[in-house]
Amino acid sequence: MHYYRYSNAEVSCWYKYLLFSYNIIFWLAGVVFLGVGLWAWSEKGVLSDLTKVTQLHGIDPVVLVLVVGVVMFTLGFAGCVGALRENICLLKFFCGTIVLIFFLELAVAVLAFLFQDWVRDRFREFFQNNIRSYRDDIDLQNLIDSLQKANQCCGAYGPEDWDLNAYFNCSGPSYSREKCGVPFSCCVPDPAQKVVNTQCGYDIRTQSKSEWDESIFTKGCIQALEGWLPRNVYIVAGVFIAISLLQIFGIFLARTLISDIEAVKAGHHF
């Protein structure tokens, strides 16, 4: 004879649909990131020739957009379906991945603080590699220009770093009109000009270095970013804490829902 054990355990609709709402936002954001990334690649002809990605010596910003999109889409999908279907495997995948990302972020932050010189050297190499590919990819070009304009800087350690680019190199065999110059994003803006002068950096490095300050930024972007961080440490900390709290909230919802589902399943055993 079997004795059945009835339980009052049930899956909380509150946690279930709260987790679904939490993830639908990330899923939709992932769709947007993927759509923007694929559209950017189609405009550059990368979708018809994927080897263009490997030919670029620097980094294609679209790759970062696509990676973020894939991660957000996958996690959002797993969280949404796992919550609606009460699927423990999908919920554990979602929860475990969020935990992994959280600890990776924490580890990167701690290591970056402990090994600042190493991080500075890696960033210098990264920036200089992308300077070499400045004219090879329009998105990379726009990213570097935005960074230099926002931080009022030029090159990794100074304008001389633009010698690394074949178009701006002073001593190379190039016949480029930009030879011995810098990109327009290095130029000190003129408030009287309504239209951006994209030729303002031409031949600027043929002049004496003492005259550069009048026309271009002479501070390197690494130095500028090192000065920006202490001034905005509370903003950076606030963003990090906000992201961490969102991740912890998602982990809490997923673990609570998993516990409810397991309790209901255990109550059906006899």
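Heads up, residue numbers simply count up from 1 along the chain you see.
Cβ from N, Cα, C; glycine included.
Some features that TrEMBL has for this protein:
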type	residues	note
DISULFID	Cys153-Cys186	disulfide bond
DISULFID	Cys154-Cys170	disulfide bond
TRANSMEM	20-41	transmembrane segment
TRANSMEM	62-84	transmembrane segment
TRANSMEM	90-115	transmembrane segment
TRANSMEM	233-254	transmembrane segment
Checklist entry - Between Cys186 (disulfide bond) and Cys154 (disulfide bond), how far is it from one CA atom to the other, in Å? => result 5
Checklist outcome for this item: Best-packed against the transmembrane segment (90-115), counting Cβ pairs under 8 Å over 20-41, 62-84, 233-254, is stretch 233-254
Next on the checklist: Using a Cβ cut-off under 8 Å, which residues of the same chain at least 6 positions beyond either end of the transmembrane segment (62-84) come close to it?
Outcome noted: 16-17, 19-20, 22-38, 40-41, 44, 46, 53, 90-91, 93-94, 97-98, 139, 250, 254, 257
Checklist outcome for this item: Most Cβ neighbours within 10 Å, among the disulfide-bonded residues Cys170, Cys186, goes to Cys186
Item to check | For the transmembrane segment (20-41), distant same-chain residues with Cβ under 8 A (at least six beyond the ends) | outcome: 47, 62, 65-66, 68-80, 83-84, 94, 139, 249-250, 253
Checklist outcome for this item: Within 10 A of the CB of Cys154 (disulfide bond), the number of other CB atoms across every chain shown is 27
Item to check | Number of other Cβ atoms within 10 Å of the Cβ of Cys153 (disulfide bond) across all protein chains | outcome: 25
Checklist outcome for this item: One should report the C-alpha separation between Cys170 (disulfide bond) and Cys153 (disulfide bond), rounded to whole angstrom, as 20
